[in-house]
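*Asks:* Once you've had a glance at the structure underneath, I'll fire off some questions.
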Amino acid sequence: MEAHESVDFKRLMSEESTVSTLSSDSCEYYQTEIFDLLPSIQASRPEQNRHDFSEETNQGGREAREKSGQLSRGPRDKTSMQPLRNLPMCIQGKKGAKERRKLEINDINFWESWRKTQSTNRKRVREQIKEALSGLVPWRQTLRTIEGKFGVGVKSYFVFLRYLIYLNLLHCVLIGGFIVGPSIFYRTDEYEPLMFKDSDSALDFFLGTGYVNRSLVFYGFYTQGSLDLKCLNIPLLYLAGIFSIIFLSLILVVRRTTVGYKHTWMLGKRYSMNVSYKIFCGWDFTIQDPTAAALKHGFIRNDLKLFLEEQSFSLRAAQRTLGEKVRLYLLRIVLNLITLSLLGGAFYLIYFATQTSLKKENSGHHWLVSLLLQYFPPITITFVNLVLPHIFRKISSFEDYSFTMQVNATLLRSIFLKLASLGIYLFFVFTTTEQDAKCKENQFGREMYKLSIFNFLATFFSVFFFNYPRKLVQETYPRSSLARISGKQRFLIPFNVLDLVYSQTVSWVGVYYCPLLPVIGIVSLVVTFYVKKFNVMRCCVPEQRMFRGSSSSVLFHFMLLLGLFMCAATLGFNHYPLQSTEGRNASSCGPFRNEQTMFTVTGGCVKSLPSPAQTTIRYLTSEAFALPLILAEIILLTSYVSRRRANQRAIERLKDMLVMSSSDKRFLVKQHATMLRQRNKHH
């Protein structure tokens, strides 16, 4: 301790440090000489000598060699690219670099100088616009508050919810432009006006019957109207709107999934957080608000907890013996068999509820009993989706995965449960619906409408009639047995995300039969955001174990992609019998009435086109076009695979350069210490 107390730290502010006698050339020569002695340069020289007469065949190798060549040339090349404050040079060297830059600018002609000035101005304008638009993003401060208190995992749920709101807004614009607007504007007088009748009641808004069944909510409202051109009519616009929704949703979800996967893949390979950087350099010294400071504390704390959790699990997994691994794999097999048994029982319950709800004998009951029977399948599906994910969560805790892997395993099992239960319910509805029904599309749309309404009501009532009273009991009577049994509430991310994926899948599946489902989805999602925010901030405590949100975010969008594929499969399954029976099962309501189907309408439009256009369309839809399409896909995939391999090699080289930079820093510190010792000896 005495030795430490005798140390006197001084800042060099003498005239020697401010006014150097070294010239610009001598300073640069000295830096170049030191640079050639760095470990990274010494390690790269044998490789360069080995490849002097060989030719690089990939882009990644060329880029890495060019970068290493730039490094070997020293600071002369750096001064023309980097800001002066970032250059590792003395003051005199920076002054010389500044003078050389001025000379280079004077040598540039007028047009080149004007072009560079305009490019700089455009970059500044883009940055200012980007900053202004980022301030208009809704719930930005709310998300920062949630991230600071509960971690990035809970924040990823709310970001995902906001993304679904944007997606449904796009759906509403497409539906309004392609379906609702033209149907209302070109509606003829032969159809009865939309009015309340004596038989209508408030229950119609819950069951989708009566006034709601006749309104523009469902498929039967949209008629052919007065717009009756061959290639511009209500049926074709209806199809264009539905396919635009599916196609744009596919593009957006796939793009979001691939971008997130690329980010996760790059971080997953040889990634480890620099703890020293997080501790000593992670603080933002521009923060002045105490609330913002508390949030920043929360960010750093949650990152460190996540890192320590992952490191602890990796160490424990590496120390497993062969016998422990065998016992663990056997245990996982048994637990997966239990999971499959639970899924089979859940599917049978859904089948029983669907058969009970669609019986004809249910029409003579009391209105309350009839309401419960109508909602019996949604209640059963909600009950199954509420209970089984908690059982899956307990099962995953016995499988000895990391916490992030436990969350992802629970997500995969639960999303299979939700999508499979929805698919089984749709199959039973399709097969049990009477073929001679007045408007079977409206009947199917009512089922999707009831699923959406009940899912929202279940979310609302679970928060205000279960979670909030439970929190009040814990605050009012903290020592009671009921408070101890219920325990502290935590925001379970897998189950809440599954609810969002399930509701969006229902919206996609039912948008053809209930075009205003995206509007209902926007209202329910906005209300759900504030309900969940109240639940998190008021009723929940932070999770003790953190997980990385980037990988789970990719899984969120992948589950959305599965829901979109289910929507496409449902539409194909519903329209395939129409094509095979040549219109005998055509709809009696909606835009495709009077023995019209999707295939007859599109076929009539193609026949009205000129002969070259018909020939082109027939060729594009024939088997002859499949061969060049497959060849083009093979070439495109081959080029992408080659680029991926080249980029992977370049990334590995850059990672090696980052590793060597730490050796360079240690070398420079030793050189500096040696120079100080020699200087002290001379004095």
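Keep in mind that glycine also has a Cβ here, set from the backbone N, Cα and C atoms.
Pasting the feature list from TrEMBL:
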REGION    44-85  region 'Disordered'
COMPBIAS  62-79  compositional bias 'Basic and acidic residues'
TRANSMEM  163-185  transmembrane segment
TRANSMEM  234-254  transmembrane segment
TRANSMEM  329-354  transmembrane segment
TRANSMEM  411-430  transmembrane segment
DOMAIN    439-550  domain 'TMC'
TRANSMEM  451-468  transmembrane segment
TRANSMEM  510-531  transmembrane segment
TRANSMEM  552-573  transmembrane segment
TRANSMEM  624-641  transmembrane segment
*Asks:* Could you tell me the mean pLDDT over the domain 'TMC' (439-550), as a whole number?
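*Replies:* Mean pLDDT for the domain 'TMC' (439-550): 85.
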*Asks:* I'd like the per-state residue tally for the domain 'TMC' (439-550) from DSSP, helix first, then strand, then coil.
*Replies:* 86 helix, 2 strand, 24 coil
*Asks:* Please tell me whether the transmembrane segment (510-531) and the transmembrane segment (163-185) touch - that is, whether there are at least 3 C-beta pairs under 8 Å between them, with each pair 6 or more apart in sequence.
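*Replies:* They are in contact.
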